[in-house]
Every structure is written in C-alpha cells, then in structure tokens.
Amino acid sequence: MMGDLGDNLRGFINNRWLVFVAAMWIQSCAGIGYLFGSISPVIKISLNYNQRQIARLGVAKDLGDSVGFLAGSLCELLPLWGALLVGALQNFVGYGWVWLVVTGRSPSLPLWAICILIFIGTNGETYFNTAALVSCVQNFPKSRGPVVGILKGFAGLGGAILTQIYAMIHSPDHANLIFMVAVGPAMVIISLMFFVRPVGGHRQVRASDGLSFTFIYSVCLLLAAYLMGVMLVEDLVELSHRVITIFTAVLFILLLVPIIIPLSQNFFSDTQVELEEALLPEPQKLEAGRPQQEIQEVIFSEVEEEKPVDVDSLPALERRKRIAHLQAKLFQAAADGAVRIKRRRGPRRGEDFTLMQALIKADLWLIFFSLLLGSGSGLTVIDNLGQMSQSLGYDNTHIFVSMISIWNFLGRIGGGYFSEIIARGHAFPRPVAMGVAQLIMAVGHIFLAMGWPGAMYIGTLLIGLGYGAHWAIVPATASELFGLKKFGALYNFLTLANPAGSLIFSGVIASSIYDYEAGKQAGAHHPGQNSWAAFSSWLMLNEPLKCTGSICFFLTSMIMSGLCIIAFFFSMVLVYRTKTVYASLYGKSRT
C-alpha cells in the first residue's frame, strides 16, 4: 500500500497535467501590466505627475511587458525554476520600490528612475510567460494550439483576477494595490516554480486527453462568464464586503478546479499511460557512434528528395505507410554507412532553428509583420478605449475595458482551439486562423469608426476576440515552423511586434489625429483661433484637449482596418508557403 502511494505521488509530481495546471496559475499572475490603469492614478497624485509623465511610465510598462530577450536566454541557460525566480525577484524589486517611493518610505526618485523600476517590475512577466510556454509546449507537442491558447488566456485574465482580489482586501489606501502587485505574484511564483518543467509529456499520451482538454475549456468559459458577471454586478450594485469576499472565494475555487485532472489520473484511475506509437526505429538500434541529431536530419531532407512524386496524392493511410517504409530504409542505410548524411547550410522548416537562423527566413518576418499590424492595431484600441468611449458620450468607460479583457481571453482560448482543428484535424496551415482573426478585427475597427449606437459593444467584442487570437496562434505557429529547441528566444523576439505596433499606431497615428480633431473643435469654439493655434496653446498650458464625436477616431479606425487587411494578406502568403510543412507534420495523423 505504501509502495503504491509512493508511486502515485511520484506519478502525480511528474504528471504533465500538473505542470499545465501550475503554469495556468503562474500565468494568472502574468497580467500585472493590465493593472497599470488602476495603479497610475495613485502614482500621478502621490508624485505630482502630469498626464505626459504618466504616459511615459505607460511606455516603460509596455516595453517591460514585451522585451523578453533576457528571459528567453536565461530559460536556455538556467533551469526553468531559476528563470522563474529571477522574474519573481524583478517583479518584487521593481514594483516594491515604486510602492516605497509612492508611500514616502523611500526618497523620491526622478521620472527616469521610476520608468526603469516600472520596466523592471513588468519585465518579470516575460519570465513567467516564457517558462510556462516552453515547458508546456514541450510536454504537449501534439496539442500546441489549445495549450498556448489557454495559457495566454489566463495571462489576459490576470488583471481581472488581481483586481477582484484587491476588491476583497478593501483597502482605503489605493497605494496598497501596488504592494499587492509587488508581493502577490512573487509569492505564487516561488511556491510553484519547481513544478513547471518538461517532464517527458510526449510519453504521457492518454485516451482521455481529449476529455481533459474539454474539461479545461469548460472551466475557462465558466471562469470568463463568472468574472464578467461579477464585474457587472459590482459596478451596478453597492455590495457589502462579505458578498465581495464570497465572490472572490468562488473565484479561487474555479481556479483550483483543474487540479482534478492530475489527481484523478494518479489516484483515482487504473488506466495505464498509453505511449504514442513510434513511427521511426529506436535511436539505439542505429549506429552507436553516429550522433542522433545527425541521423534525424534524414527526416526532412533525404525523405523529401527520395520519395516518389506521386506519394502526396495517395490516401493518407497509404502515404503514411510509404513514407514510414522509406524512412526505415534510409535510417538503416545511414546506420550501415551506405548513405552519407548530407550536411546542409541550415535546418528546414519544422526542424530546430536558432534565432539567428530564423531571422534570415522570410516566414519569420511574415509572422512578425502580420503580428505587428494585427495585434498592434488591437493594442491601439485597448490603449485608447477610455478616450474612444468618452468621445462617443459614454460615462462608464471602464465597462468597455473590462469587456475587452474578457473578449481578449475568449479570443485566446478560441484561437488555440480552432487553429488546432485547422492544423491537426485538416493538416492545413495554422496561420489561416490568424488571417480570419485579422478580418474580424478589420470589421471591428469599421464599427468603431462609424460610431453607431451600440457600435462600441460590437467593436470591442470583435477586436478583443481577434487581438487575443493572435497570441494563441503565433506562438504555436512559430514552434511548428522553427522547432522547440530555441522556442523561448523566438517567442520573445516575436513579442517585440506588440510595443512596436503600439508605438507607431497609438503613440503617433492615433494621438496625432485625436489632437488635431480636438484642436479643430477648440478652434470652432473660438472663431478667432484656428486649430493649430489651439493645439499650440495646449502645448504651452500643458492641458489636455478634448474631442467629442465619432470624428475623433474615425480616420484612425479606418487606417487600423486597412492595416488588418494588409496583415491578412501577409498571413495568406505564409499559408501558401507552409502548406507542405503542415502536410508533413500532421498529414500522417489523418485517416
């Protein structure tokens, strides 16, 4: 009995579903950047900043959230728990020091120093994201879409979860929210960091995995609906602290529910782990003196060159048999020395790339610019949602902020789910799902441009879904085209598209057009003063110009819609270029 209990405990600790659940909890703490809108007012008041200075802090936050080169490098050099510990320390030091300055417990610092602290604190997220994605993509190599979508979805919900926890704390001092952001995520990460790691998950395939993913999806949808309902109730009704505490307790229960899967697999099930059927011969049967990496190069080079030209037109089962037979012959020939493995100048699509090898490939840049245009236009809406809703006459602006957070979450979940059907179910390139998301966003931008009654609700719905889908589809696509070995570095390079898009589209295009339209309206109110004079007086007085009506963001939204259509064409080019890769990756699994 004790022996069985010990085996069950070891199986539980090394269960890939336990790693996945722990990664979900870690990702719930990776949304601290979404809380900037809640902590910036207390920073502004306490440090006597103006809106431009707060905007600079926002830029530092966006950069910290996206610049993850160091995180990607450390995840390759250190064990994942070490990288997570570095991220937790950055989060604690960065935001902890800001809290000390805001509350007067530390000497005042210049603006540039506060920007550095905000950057350091938010940059901790990149370690959480990288470690969670790297470990789970390796543990679930055949379910990358759902895994990435769920993990990135929880990162998107992190702000809403932390906000609800702070509502339960019910502190009259709003500076305590900064303290919670500094301490809370660090405590969670340190308690879970040893669980998140590769555990050979590709050898833990079970017949029940499909049901397990369905259960996780159900919990995610329930969690999103619950948070949406709680936000609306707390906004519309004055609730007692006890009711808010009950709401938060139910939230914790929903977050804990997924642990049922690894518990049931190791303590309440007699089902043996079903190992995947190996298509290729075992490496140890090959020539002992030849490196396995070298032998495996046969898969994407000699096989492609030696297979008959008509093999791709055969039925899936027959094609799989032919290719497996050819692979077996080539492996045996390589082991006997009859075939000399060709040295290539670089890997082929689907093999492991380094970042430098990937940077010279057109596929990577197609992904990058498609992401820059698509997610950059979505982030422009997210960053300007308050001004957009105010310009259309809505008083309760944070309702749209909460709603787009939920739609963002559902977009990430749905993007991972549907892109997996496209890739695994039909052996068709995953980026086609990204193209669909970009078309949805283009329509959403048009709704925002027109400013029709109720258009804000439809626009935030469509843009939130499309923006979120990018962050489920892109990481999975990158791992399929460029391999898992350097996935951390590749992922963190692609995330640079987000701040680049925000800087260009929001910081230059949207803000300039808004100020110009506001200046025109100010000039209309003062006939002797034209719009440029009004704009100049705003620069001198350091007071914000206000714009009202759909005209404020009409041109910006139409430009964003056009950029999404361009991004769609980039995605379609990528689809055309990678059809054979996805046929090779997933065509063999179809019957």
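For all residues, glycine too, the Cβ spot is worked out from N, Cα and C.
Here the structure is a predicted model, which means the values were calculated and not measured.
According to TrEMBL, the domain 'Nodulin-like' annotation covers 16-263. Feature annotation from TrEMBL assigns domain 'NFD4 C-terminal' to 359-519. Look at TrEMBL and you will find 20-47, 67-89, 109-128, 149-169, 175-199, 211-233, 239-261, 358-379, 399-419, 431-450, 456-478, 490-514 (among others) tagged as transmembrane segment.
With a threshold of 8 Å between CB atoms, the same-chain residues lying at least 6 positions outside the transmembrane segment (431-450) that come near it are 367, 370, 373-374, 377-378, 381, 388, 411, 415, 418-419, 422, 456, 458-463, 465-467, 469-470, 473-474, 477, 550, 553-558, 560-562, 564-565, 567-568, 571-572, 574-575, 578. Here the domain 'NFD4 C-terminal' (359-519) has a mean pLDDT of 86 out of 100.
Contact between the transmembrane segment (175-199) and the transmembrane segment (67-89) is supported by 3 or more Cβ pairs under 8 Å, counting only residues 6 or more apart in sequence. Scored on C-beta pairs under 8 angstroms, the neighbour of the transmembrane segment (149-169) with the top count among 67-89, 109-128, 211-233, 490-514 is 211-233. At the 8 Å Cβ threshold, with sequence separation of at least 6, the transmembrane segment (20-47) lacks contact with the transmembrane segment (211-233), having fewer than 3 such pairs.
Note on the transmembrane segment (456-478): residues 133, 137, 144-145, 147-149, 152-153, 156, 364, 367, 371, 374-375, 378-379, 381-382, 385, 388-389, 392, 394, 400, 403-416, 419-420, 423, 430-431, 433-434, 437-438, 440-441, 443-445, 447-448, 487, 490-491, 494, 564 of its chain, located 6 or more positions outside it, place their CB under 8 angstroms from a CB of the stretch.
Residues 59, 62-63, 65-69, 71-72, 126, 129-130, 133, 353, 355, 358-359, 364, 367-369, 371-373, 375-377, 379-380, 383-384, 387, 474-475, 478-479, 482, 547, 552-553, 555-556, 559-560, 563 of the same chain lie 6 or more positions beyond the ends of the transmembrane segment (490-514) yet place their CB under 8 Å from a CB of it. Residues 34, 37, 145-150, 152-154, 156-157, 159-160, 217, 220-221, 224, 227-228, 231-232, 235, 381-382, 385-386, 388-389, 430, 433-434, 437, 456-457, 460-461, 463-473, 476 of the same chain sit 6 or more residues outside the transmembrane segment (399-419) yet have a Cβ under 8 Å from a Cβ within it.
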